[in-house]
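Q: Quick one: structure below, then a few questions.
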Amino acid sequence: MILDRTIALIGAPMDVGGVYRGASLAPDAVRIAGLIPALEKIGLRVVDRGDVRMPAFDASDDGDPHARHLDVIVAHGERLRDEVRAALADGQVPLVIGGDHAIACGTIAGVSSFHRDRGTSAGLIWFDAHGDMNTPDSSPSGNVHGMPLASCLGRGPKRLVELAGAVPMLDVKNCVLVGVHELDRGERALIREFGLRIYTMREIDQMGMQRVMEEAIEIACDGTDGFHLSFDVDGCDESIAPGTGTIVPGGTSWRESHLFMENIADCGKLLSMELVEINPLLDTKNKTAKLAVALAQSALGKLIY
Ligand SMILES: NC(=[NH2+])NCCC[C@H](N)C(=O)O
Ligand SMILES: [Mn+2]
Ligand SMILES: [Mn+2]
């Protein structure tokens, strides 16, 4: 159970995977929005393990136009992987604050290798407006934050794909995408090829978030020790999450987003989580960082009553 374990806050200020810089400011914005006292208030112990910093790099050189800034992203991913592993080895529940979504390769490499070494495995719930299932060949942008899920499943830039040692990092049968409202053509093809389970906004509208989450949790927990949650705030509607770089109209409401998180808490199977794509430079009065704090509380057991 989450409640009797210490939460390890890990900042991952890495922002060259996205369209705009600025997501690297999110770990501090979320601390300033009161994450630690908010979690302590619901009875959790929190240790702030500090930030996993980006290595020095030349911002004027994008590198490969099909996977921009890949070198920095891989170097940062290695450091993040090791920090997440260290937190898990200390018996803590990692709560990683990105950073753009490319950090997920580092986080998930840590989670996946930690469990693999113990003969267990982890599932994955990925919440996002997007699929993040591009590869350098299919990406319309060359932005690596559109590629992390494909990379974790074994398709993408070799050094990213191999961050956990073994490939793929996760078994696709325990992975599920929730909240999607925009996919590129190549992503659709890859989702079909892998048989990746996906609940788009249409399913959320038709079935309701409650049923979607019951099914998603079953997928992620079937034969695993539990799951990692990778939560991209752009899956939430712009009205509640304006501070993010790739907004798509039609995201989840405040209540749907919380019901998603409340289901995560209720099932007791959360192993680790990350909140990504908060960009304080695009935000209004830190609104999106405050949303992240409220959502983290719900994911970690806050009840209204
Ligand atoms: N993590 C994100 N916000 N990803 C947005 C990806 C957008 C688009 N599909 C691309 O590949 O460029
Ligand atoms: Mn994403
Ligand atoms: Mn997204």
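Each Cβ is built from the backbone N, Cα and C atoms, and glycine gets one as well.
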Q: Please state which member of His76, His101 TrEMBL lists alongside Asp128, His130, Asp132 for binding Mn(2+) 1.
A: His101
Q: Please give me the CB contact count at 10 A for Asp132 (Mn(2+) 1 binding site), counting all chains in the structure.
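A: Asp132 (Mn(2+) 1 binding site): 26 neighbouring Cβ atoms within 10 Å.
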Q: For the C-alpha pair, I'd like the distance in angstrom between Asp232 (Mn(2+) 2 binding site) and His130 (Mn(2+) 1 binding site), rounded off.
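A: Distance (Cα to Cα, whole Å): 9 Å.
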Q: Determine the minimum-neighbour residue: among His101, His130, listed as binding-site residues, which Cβ has the fewest other Cβ atoms within 10 angstroms?
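A: Lowest Cβ count within 10 Å among the binding-site residues (His101, His130) is His130.
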Q: If H, G and I count as helix, E and B as strand, and all else as coil, what does DSSP give for Asp234 (Mn(2+) 2 binding site)?
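A: Its secondary structure by DSSP: helix.
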Q: C-alpha of Asp234 (Mn(2+) 2 binding site) to C-alpha of Asp132 (Mn(2+) 1 binding site): distance in Å?
A: 12
